[in-house]
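J.: Take this structure first; my questions come after.
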Amino acid sequence: MFPITIGLNHKTAPVEIREKVSFHPSEINKALMELNELSALNGIVLLSTCNRLEIYAATPEVELGVSVIKKFLARHGKLREEDINQYLYVHTLYDSVRHLFRVVAGLDSMVMGETQILGQVAEAYEKSSQLNLSNKIIHAIFQNALAVGKRVRSETQIDQHPTSVSYTAVELAKQTFGDVQGKSILILGAGEMSALTAKHLVASGADTVLVSNRSMQRAQALAEEFSGRAIPYEELDTALAEADIVISATAAAHFVIKPERMRRVMEQRRQRALLLIDIAVPRDIHPNVGELEGVTLFDIDDLRGVVDSHQKAREEAALQAGRILEEEMGRFVKWHNSLYVVPTIVALQRRGEEVREIMLKSALNKLGPIDEKQEKIIRSMANSIVTHLLHAPIANLKEAANTSQGHLYTEILQNLFDLDGNELSPHAGWSVHHAASHHSNQG
């Protein structure tokens with residue numbers, strides 16, 4: 001089985017494409033089961049966040065596995081394959097593992113070092129496990145990846161600087177108004193992103209926080225947590241007329257705020273300036289709303305332009321994280337190679353024992369009656385011949401296991417001694433020629 005990753009993110013696809021292929025949380029289990037029905041895939045994990053959509057899987061045939069996932073994403077997004085392919089990246093074998101390590105470390109995020117991604121990856125893997133869709137190799141890859149993410153955050157300062165998307169949204173509001181104190185801030189949605197945004201707003205000195213959500217109970221719970229005020233969803237227009245800043249992060253599948261609605265609100269406000277920050281995917285606010293007089297609209301892609309005052313410190317932390325990542329990749333490769341090398345050595349030793357027994361039986365039959373001492377000497381000599389003959393190839397294979405040519409040496413040894421492939425590890429075979437069998441795009 002070979003690991004593969006197919007996906008798109010904020011670097012490869014605009015929000016218009018990302019929102020087409022994104023999955024609502026309620027859709028993920030169904031999507032996982034549909035993917036599981038595809039015979040080319042095994043051990044499937046689906047990661048869907050506001051900035052990325054990625055499918056991790058194991059497959060016996062890399063080309064086929066990649067192809068069926070691309071077709072699946074095209075169908076889900078109601079796009080032609082040729083239209084979506086330009087936005088997709090593909091990682092296979094060790095590149096797939098390295099990519100996941102980068103993701104959990106926060107090195108592949110829009111805001112480098114963000115803290116949310118570690119939990120999002122853990123949740124994605126947990127959903128797969130609950131549906132019994134993980135296999136041994138995917139389990140090992142994700143367990144190692146989560147350990148890498150935790151190690152990076154414990155040994156570097158990559159998460160000690162404000163680096164989440166929700167924090168960046170607050171920073172954008174502060175840069176626009178100079179300060180959020182004294183401003184009326186409306187948060188649409190009561191999920192994790194909304195809670196994080198409210199946390200950063202209060203930490204920045206906001207004294208009026210309004211929360212509106214379709215579930216009044218959830219809105220009240222979030223508002224109470226931050227001494228804010230819950231607004232019934234039916235009174236959203238009134239809240240929009242009151243607010244200075246609106247940060248929208250719902251899980252709606254359609255636009256919550258459209259131009260005609262916002263036009264009425266702005267008339268009530270008498271065109272008083274309003275800042276809208278849409279950090280939802282799919283977007284909550286229709287892009288044409290930003291064309292209205294007095295309205296400034298930023299969507300999640302616009303957050304890239306926010307100046308990060310901690311850039312230098314974060315870049316240094318990223319260098320440290322990169323070193324940790326490569327160290328952990330080395331350990332993973334060594335572990336994975338052992339899955340292939342150890343069974344090969346066992347199979348080689350077993351082959352030696354089989355040949356020894358066959359030749360001993362033949363020799364003893366030809367010799368006729370001999371005493372116990374003579375038979376013991378003959379058996380000892382046969383054991384020594386096999387042991388000495390296999391010593392060098394086994395020792396050299398162990399030494400080569402930790403090099404880039406390890407799999408090549410292993411395959412050569414298997415072919416030379418005609419070892420039974422059924423005796424070898426089911427995870428074996430990420431060889432040099434396999435690694436070259438599929439192009440891996442950057443993403």
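Each Cβ is built from the backbone N, Cα and C atoms, and glycine gets one as well.
Sharing the record's features from Swiss-Prot:
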- Thr49, Cys50, Asn51, Arg52, Ser109, Glu114, Thr115, Gln116, Gln120: substrate binding site (BINDING)
- Cys50: active site, nucleophile (ACT_SITE)
- His99: site 'Important for activity' (SITE)
- Gly189, Ala190, Gly191, Glu192, Met193, Ser194: NADP(+) binding site (BINDING)
J.: Give me the sequence-ordered set of same-chain residues, not including Gly189, Ala190, Gly191, Glu192, Met193, Ser194, with a C-beta within 8 angstroms of the centroid of the NADP(+) site's C-beta atoms.
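T.: Not counting the recorded site residues, we get Ile187, Ala195, Leu196, Thr197, Leu222, Ala249, Thr250, Ala251.
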J.: Taking DSSP as the reference, which of helix, strand or coil describes Met193 (NADP(+) binding site)?
T.: helix
J.: Do you know offhand how many angstrom separate Thr49 (substrate binding site) and Gly189 (NADP(+) binding site) by C-alpha?
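T.: Cα-Cα, rounded: 16 Å.
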J.: The record names Thr49, Cys50, Asn51, Arg52, Ser109, Glu114, Thr115, Gln116, Gln120 as the residues that bind substrate; what is their largest Cα to Cα distance in Å?
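T.: Taking every pair among Thr49, Cys50, Asn51, Arg52, Ser109, Glu114, Thr115, Gln116, Gln120, the longest Cα gap is 15 Å.
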J.: According to DSSP, does His99 (site 'Important for activity') fall in a helix, a strand, or coil?
T.: helix
